[in-house]
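As given in TrEMBL:
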BINDING   B:7-20, B:102, B:168, B:193  ATP binding site
């Protein structure tokens, strides 16, 4: 039985995801699909527009058979650790046979040679990235340049650089590297991203828009404006969640608690947070009194330099908001991989997968948050509570939903 | 020159305060008045309805010549330390000759004998209070009973008990004890509280209502409902502050950051906060998932037992909100007294007082928050920022007002 894994955020699930999903099933002849999905906070350091339960429901409608939560320890991290955590989760299911990801390249042959060279570099890549960063380059640029340097001998340096500066190629490369590092038997497959670039702010096609564009349409003109780019179930679920006051959630909904934390913390306390590196704690403390408005977007704008990407800054603020200590998210800890398989949703076929997984999985399967005591799971529960506390309508039943909510089923 | 000190909260300043002020000046033949005023958070562990600057302005209108801020290290504390901090501040001015406070007793003779007996008890009172607390009594009841026990030999036990169960008598007694402990030459004077009890929820007189009653009237019917009990300048200042979105501030305005803190903190982290004693951290963690609504008032209701007063619980939540560490507010630290005289406002006569104080004061006089680096002042600045962040209209200029705002003047 072919089981394809996909690593997703569905923020929200749109027509581009529908296309990718169909292609993944077609290319891998998959009988079942496992979606590894970020929880309430995403790789770019943002809260999701609606919570993980609503987005897992969208995934079920799409046809996913099993939705696993990528722990926030990996979900809100740079590509390297995001990919490592997600691939390790798939590998730990014991049942995934394929991994399908979108990329600008659209062909594995373009990425695989770089993965071979970069997977076991013995620290040379890391050192090269650090050198590039020291010149003031942003992380993606530094990564691409460092990879190009390491590949210089192969005559593919310029190609590598061009390739890796595209975000989905870069993420795809990290999936490939993670598969190698984990000695995984999962077969990678890539689908060329259609129509909309990851970061495109405006729709570029009559039916396909990036998730970023979809969220902007919703922010500007409500759900109706975004409807052409969404499958009907997404529009329905979003409408229901918004009506219940559970969304949309943006960084600005978290402004009051974030500012509270930043105002109270000393630079030393801020420095104890994950990703608070190279004096960013002082930069934050200096930026606060210079703001015109106490909004997260203005704080981010004031913090921005060539050196720090918007994404890096958002993630740093997220770790400060959630008081993520460095130790738990240090490379040594992350290299041990996720500690559990948290089930958010499953279909009938997913139920069969879960039965198989009871024999084959390499990690405990968690269907209720209270079942397991694990530091990564504690971070997930805390993140969900902080997210619920920032919903437009604060409700007590949402703050502790994690403990009561069984997996969603169809 | 007679200079009378008054220890106040003015939350908000009402007709009862006008009466007390006039009586204090009359009884002490004072040429000038120093008001020692709590900042943005008050003794009962609540945020003030409007910030300290607006309330200092009310004090100037009333006729106060100098308004000093009681550091939050003392302002949000049980009567013993509240009184000690406030009296120590007055003593440190070097110019105060009298201290006038309201009491239910209305005569110093009723309180002074107890102060004599209780001021230098060598720990016997503390031990007796602890014993009474261990029977499950609330703190005020335990204190009154312990004092009665210690005074048993004097034949005044029953009288002591009846006297000290009234909150302003108890506070007054602590002022007298503090004066003795500080070997102060300041002469105490007491004025009988008129018409309204401290805790009266509803007005009991056509012109006089307690501050609690005034705040309830405002919450229920707006400023107009409270106007009969307020001098016109209080009504004017409140109207202006409300219109600017700087008030009214209640605990519910702090619910989002408070819940964020409580949800993220482990019991161990909560226990590190001041006043988080006797397993209260576990009680909070257990209460949170049982709430019907994520409001502070419901959390307080769930936490309430015979043992813990509402005030004790509010203060504990306040210390958790503001991340007040135990060490800084431990008895040994508090016994050293306030570290500075922070000037919030002064009149022409107050300016002369300040000139004298430059020679006579026993502590540095601070007119700008940035002038001094002192851990208690850091707490005051943090408290002001957290308060401003909870105002109905969040504005960047309010978050750091402490650094820019010079003392108010008339």
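Our numbering is plain: 1 for the first residue shown, then up by one each step along the chain.
From the backbone N, Cα and C atoms, a Cβ is placed for every residue, glycine too.
Locations of recorded TrEMBL features on the structure.
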| residue | record | contacts (Cβ under 8 Å, 6+ apart) |
| --- | --- | --- |
| B:7 | ATP binding site | B:35, B:36, B:70, B:83, B:86, B:87, B:90, B:99, B:101, B:175 |
| B:10 | ATP binding site | B:17, B:35, B:37, B:55, B:58, B:59, B:211 |
| B:13 | ATP binding site | B:55, B:58, B:59, B:61, B:62, B:230, B:231, B:234 |
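The sparsest Cβ neighbourhood within 10 Å, among the listed binding-site residues (B:16, B:19, B:168), is found at B:19. Secondary structure at residue B:7 (ATP binding site), taken from DSSP and collapsed to helix, strand or coil, is strand. The secondary structure of residue B:13 (ATP binding site), as reduced to three states from DSSP, is coil rather than helix or strand.
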